Amino acid sequence: MQNRITNGNQNYKIFARVRPIDYQQKMVDFTNESVSIRDPTNKNAESKIVSFSSVCSTQEHAFKVTEPMLQKLIEGHNSCVLSYGQTGSGKSYTLFGQEGEENKPDKKGIITRAVEYLLSKSQEFEEIREFVITASMAELFLDQVRDLGKAYQSRQQVNTNQILQNYENENLTIYENSNGQIMIKDLTQISISSAQELTDMIQIGFQLREKLEQQSKQFGSKCHTIITLNLVQKDKENGNQQFMNAFIQFVDLAGSERIAKSLTQEGQFQEAILINQSLTALSKCLTAISQMNSKNIPYRDSKLTRILQNCLNSQSQVALIVHINPNENNFEECLSALQYAERTKGVAAAQPIDDNPNQPGPFPGQDKLIKKLQDENTELKSKIDFIQKEHRTKLSEIQNLLGIDVDLEKLFIHGGAQELQKYKIQKDAMQKVETLQNYLKEADQMIDKMQKEKEWMKKEENNKLERLQCRNIQLTEEIKKLREQQAEYKQQLEQIEQEKNDKVLETVKKKLKEHQEVIEKKVNVIINLPQAIQAKTQEVHKHEDIKRMAKFELEKEYKQQMDNLKTEYSKFLQDSTDQYEKYLKKKNEEIDHFIHQFKKYQEKKKMQIRDMKSELFELYDIVMKAFRVIEKIENGAYSSGIRSFNIPAMDKPHIPTRNKFKNLFKYLDSKSLKNTKEYEIKEKINLKPLQISQFLEHNNIKMNLLDMQEPTLRQFASMIRDELIQVLAREKELQKRVIQLEILQSNNDLNTLIKERDEYKQLYLQEVKKLNQSKRIISGKSGSHPNVLIRPLTQQNSRYKL
């Protein structure tokens, strides 16, 4: 049996959409324009077929069937899109798209696509018209009208609890303005300049609703959501023309579950009753629109139809999208949804047309009427059972409250009011009531305390969740940056690969062009052949010979090119090998030369250190002899006069000569005293010019000790003592240097040797400076000028450079 839905009003259309499921089912089947349903529990049941204007399968298809309504909106006509079906059938998905994936092309909902369509038309007509689009978002729950768009407008506010409290207690007023339009008082209107703004408004509104559902048990998730787009147009060419204003409303209706199903769920019975009342009122309005009975449309039967009054009339474009979830557990809901679609077409339109007129029966539609009455009976029985159960529960509570062991229900039935009165006035019952009240009071206090602790824990959990979300956003951004870098690297690689391919392709094209020219020449020869068959045959043979020869030549040429390439490559490899062998040989020679030079330098240093040690020992003996002579002078061992002394030759110290102490004088030539040392020596040795005579002859310093006075001689002896201590310190330092040099010899480290050479060089320059300053001081005291100053070694005249 098939129900053909006919419609007198072409502005009202009904569409269907079946939610896809992961497994195969036999309950619901559909085509492009019809949906059939069959009771899965009854194998002999017939299929019920309902026709629609179209059956949508994708988001794009759902938008296409509603796109003409947007064109009518631009022309100034109001429109309304209603999404109907049970919970979980895909109503919200059709309108809003997939949550979190609203910007994907195949996941966008009708509302997002509608805004994009209007914005594209705004750009198309921007030279002649000015478009202004505003949007509002409201919801209807338990006949309370709330503003969800306010959350987007006040999204920067910190006091979220105050916003939730105001929203929970909000109930906006519906009124009719001076133009006859039905408006919601204080409903937030948000200007829309991009589809993303509308998406953000919807998401923030849903987030506010979710928070309220988590905090308040009385607030349920089943409600009507109404998105209204207001399009205002102004003609730029004709400034005197009035503004053109039109509305389109998108309504996500609450789930159309049966009331009997809601009885088992606590707190949702009242919800289900009010939702079904509003859906019934909506079906009456749609039926009147279908029959073009605009005078008797019952808008005032519910707040839902009152809010939709501007767009819900015979002149407006109205679309009802019926959603079906083909799960076999939802047979009654699917059948009810199809019947709802039939009812909205009117009684005459929804009557089934029997394909078999000879089928017996009292009247058409008898089975449907019987089924409807049975459903109503079942629903009424469920209501009666629920009320009786609630009545018994209340009697039991009263009995427990009074503390009496009496069947109150029997007392009410048999009229035992007097006996009940006696039980009520009993003292024991009153005491129990007082005790129970105290207990209830304590329990309420405990409940409040637990509730506060629960709210605090929930708040802490929300804070942790926000921190995790922030961290997740940071990681997402880092991943995004890494992906961008990966994309850049990939693009660079592709570009390099493309360049290589272009070069190869260019070479291939060049070769191909050459071969094509050869082939064209051959073709020209073939075209000019005689027309005779015999001649053609001969020419064909010739052509084959030519092809074979051309192939042979090409193969020969290709082979020759490959041989040349191989030869060139082999030569290149051989040249590279020879070049690198020469370079390696050269480096080996340089290394051998360096090792040889280093060994020579090492031996030379060893000999020099050995000589310096022996020279230092002899110098030490000389200084000690001089020290003993001075002591004898101080003790009066030599008494030949007051101002002159006769010292035996065997006691006189021998002055070191340059011939005997070669390395010592080289070392002395490389030292100099600092300016600060000069001042200290001047303070220690305060000699008069006439008391000391000094002369330098061939770098040999001779001092006249006999002419010195006793104080001066003591000062000079003290100076020699200090110099001796410094010489011993230098000897220890040189011994340390020798040990370090031996370690360097074992390590054979060139960089360390160079560094050591630089340190010796610095010490050498410092000692040269000190020695020169000392010579200048002594020469200044004696009134003479030094003939010879030690000249520091430079890099050019140094014997010890590497």
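Numbering starts at 1 and runs along the chain as it is shown here.
Cβ coordinates come from backbone N, Cα and C, glycine included.
What TrEMBL lists as domain 'Kinesin motor' is 11-347. Averaged across the domain 'Kinesin motor' (11-347), pLDDT in this predicted model comes to 85.
The DSSP secondary structure for Thr87 (ATP binding site) is coil. Among the features that TrEMBL reports, ATP binding site is placed at Gly85, Gln86, Thr87, Gly88, Ser89, Gly90, Lys91, Ser92.
Under the heading coiled coil, TrEMBL lists 433-525 (among others).
The coiled coil annotation in TrEMBL covers 555-604 (among others).
Sorting the binding-site residues Thr87, Ser89 by the number of other Cβ atoms within 10 Å puts Ser89 first. Apart from Gly85, Gln86, Thr87, Gly88, Ser89, Gly90, Lys91, Ser92, the ATP site neighbourhood in this chain, defined by C-beta within 8 angstroms of the site C-beta centre, holds Arg19, Gly255, His323, Asn325. DSSP gives Ser92 (ATP binding site) a helix state.
The Cβ of Ser92 (ATP binding site) lies under 8 Å from the Cβ of Ser83, Thr225, Asp252, each of which sits 6+ residues away along the same chain.
Cβ neighbour count within 10 Å across all protein chains ranks Gly85 highest among the binding-site residues Gly85, Gly88, Gly90. Sequence-distant neighbours of Gln86 (ATP binding site) (same chain, 6+ apart, CB under 8 A from its CB) are Gly255, Ser256, Glu257, His323, Asn325, Asn330, Glu333, Cys334, Ala337. Around the Cβ of Lys91 (ATP binding site), a 10 Å sphere holds 26 further Cβ atoms from the protein chains shown.
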